[in-house]
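Listed features, source TrEMBL:
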- 48-92: region 'Disordered' (REGION)
- 56-67: compositional bias 'Basic and acidic residues' (COMPBIAS)
- Cys343, Cys389, His390: Zn(2+) binding site (BINDING)
Amino acid sequence: MPAVTAGTPVTEHYCDCDNCGPQQSSLRLFTLSSVVVMGENMSKRLKLLSSDGDPEDRSFHNPHPDWDPGTASADSEADEGPQGPIEDGKVSASFERRVQSKIKDLLLQMEEGLKTADPHDFSAYTGWTGIALLYLQLHRVSGEASHIQRALDYVKRSMRILNGRRVTFLCGDAGPLAVGAVVHHKLGNSAESKDCLSRLLQLQASVLSPDGDMPDEILYGRSGYLFALLYVCKELGAEAVDEAMLSQVVITIIESGKSFSAEQKKFERCPLLYEWHKKQYVGAAHGLAGIYYMLLQPSAKVHPDMMAELIRPSIDYIRHKRFRSGNFPSSLSNESDRLVHWCHGAPGVIHLLLLAHKVFKEDKYLREASDCAEVIWQRGLLRKGYGICHGTAGNGYAFLSMYKVTQEQKYLYRACKFAEWCLDYGTHGCRIPDRPYSLFEGMAGTIHYLSEMSNPEASCFPAFEL
Ligand SMILES: [Zn+2]
């Protein structure tokens, strides 16, 4: 665990799913007050003993009829017309108008709310870099110059308060530095962009050091640094990162997984195995799915032999851990089918399966991804709220990804219905997150998702998808 500097608030970003990190055990955390701000964690919370509860406690019953190809659409109640949010195979103009109007409204609320946010939280996950990423996205879809300017303001604010404690894109210094390099690049500030990039690359020393405490998962570990490298390669060009250096990071992650698998005597079944806080998590945020997803990226340039002998059998190992429902366990030792979040469960694993389908060209991966989509449609409207990490918006990205791969109208319809749910932000009695305006827990993430409706083909799960 990283040291906490005296005088700074404790901002451990265990994704707030009741399931991960040292806080979990049998305790569940409840927010006491609705007047919560980013960073005010424990002061407004009370730990209460609780049972696991049943799935109904975690999600709302999905009230929408599913897509019906026979009638072009299943939903005729909405005021978009007889075809609901979809018209002629596309998001309808009237639905798009509703979404745009809500985005404006939520942006105002978010900016107001951020005035009371934790000034020290620079992270992409819950802090200022996440807000910069939102404005980068809004600039991407609208082309408005004011949005890129806002992205710059927020990322500069982040870069003034880096603390050198973590290396990842989501929770460490790599996020602001990578986003800074990209924003400056887009604005033609070449020297500033190069400076950010060079500082990002300097972080590799701690990633490569044989530090037993450095995890490999996305939020705090090596694959979260790997994402930062792949992100700048995508945005600035492959030459931004030296190939040998990229390869060293990849090899370090692979060696770490091989060594832990051997230690656990699982090398035959799962040649790349990882743990975080003594648990072998499966999901995207802290677990195997997130690590394999990064290693499987074509831009990570993993050698084909390693793909075939190490990564592919490891993916197949976790495939066999799936529940009958199509959902995935939160960790290898957990047999209860509870969480349907991006951080834990099908909404994270689906992205791995879709990428595996693309890379290995086998239908079984796509079939299982579509099973994930079914369980997300049934149980994905979460009581935890409308966010990205463990909320309805993050779950909606699963449908966008399915749509991009299959071009099936059903998935575009489902993505729109989850967006429609988000249009009624705050009216369902959901829990209020600790950082209610942030990218991964709160409103910024919801706006990010809503903004995808204007061009679903180009959607991109923030800080994860490449
Ligand atoms: Zn989460």
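A Cβ is built for glycine as well, from the same backbone N, Cα and C atoms used for every other residue.
Structural mapping of features recorded in TrEMBL.
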residue: Cys343; record: Zn(2+) binding site; Cβ neighbours (10 Å): 29
residue: Cys389; record: Zn(2+) binding site; Cβ neighbours (10 Å): 31
residue: His390; record: Zn(2+) binding site; Cβ neighbours (10 Å): 29
Open item on the list: Across the compositional bias 'Basic and acidic residues' (56-67), what are the DSSP residue counts per state (helix, strand, coil)?
Closed with: 3 helix, 1 strand, 8 coil
